[in-house]
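Colleague: Okay, here's the structure, questions in a sec.
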C-alpha cells in the first residue's frame, strides 16, 4: 500500500492519497525504499502537487522528515522555486531551521542562486520564508474564524 501512496503522491492524485491514508493511516510517513528515503509529502512537494501536499497536511503528515540527503518537503519546494507549496508548508508549520546534507536550511537554498546566471534577484520563496511568522499567524487566525 505504501508504493500506491508514493505513486499517487508523485502523480498528483489527491483523492487516492486521501483514500489510502484513511484506510491505512500508519503509511503516511513511511519512506520509500528506492534509496531516496522520501515520504509522500516530499514526493508531492518535489512535483509541485499542491492538492496532494494539502491533503497530506490535513491527514497530519510529518513535514519535517528528512530524506537521504536530509532534505524535507520544504527544502525541495524551495529548490523547485514553488512558492505556492512553500507558502502552504510554512503555514502548516514546517521547520525552517533544519539543515540538509550540505548544511543548508531552506532559506539558504532560497538565497543561493546556485550559480544560475538567470537568477537576478532573491526568489519569492525567500520572501515567504522570511515572512513565516506572519504567515503562520494568519493561518491560525483563519482556522479560528472558520
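Using the three backbone atoms N, Cα and C, a Cβ is placed for every residue, glycine included.
Whatever TrEMBL says is automated annotation, not expert-curated.
Per TrEMBL, the features are:
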REPEAT    36-68  repeat 'ANK'
REPEAT    69-101  repeat 'ANK'
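Just tell me what is around each of these and how deep it sits.
Modeller: For the repeat 'ANK' (36-68), same-chain residues at least 6 beyond its ends with a Cβ under 8 Å from one of its own Cβ atoms are 5-6, 8-14, 17-18, 21-22, 25, 28-30, 74, 76-77, 80, 82, 84-85, 88-89, 92-95, 98, 100.
Confidence for the repeat 'ANK' (69-101), expressed as mean pLDDT, is 96.
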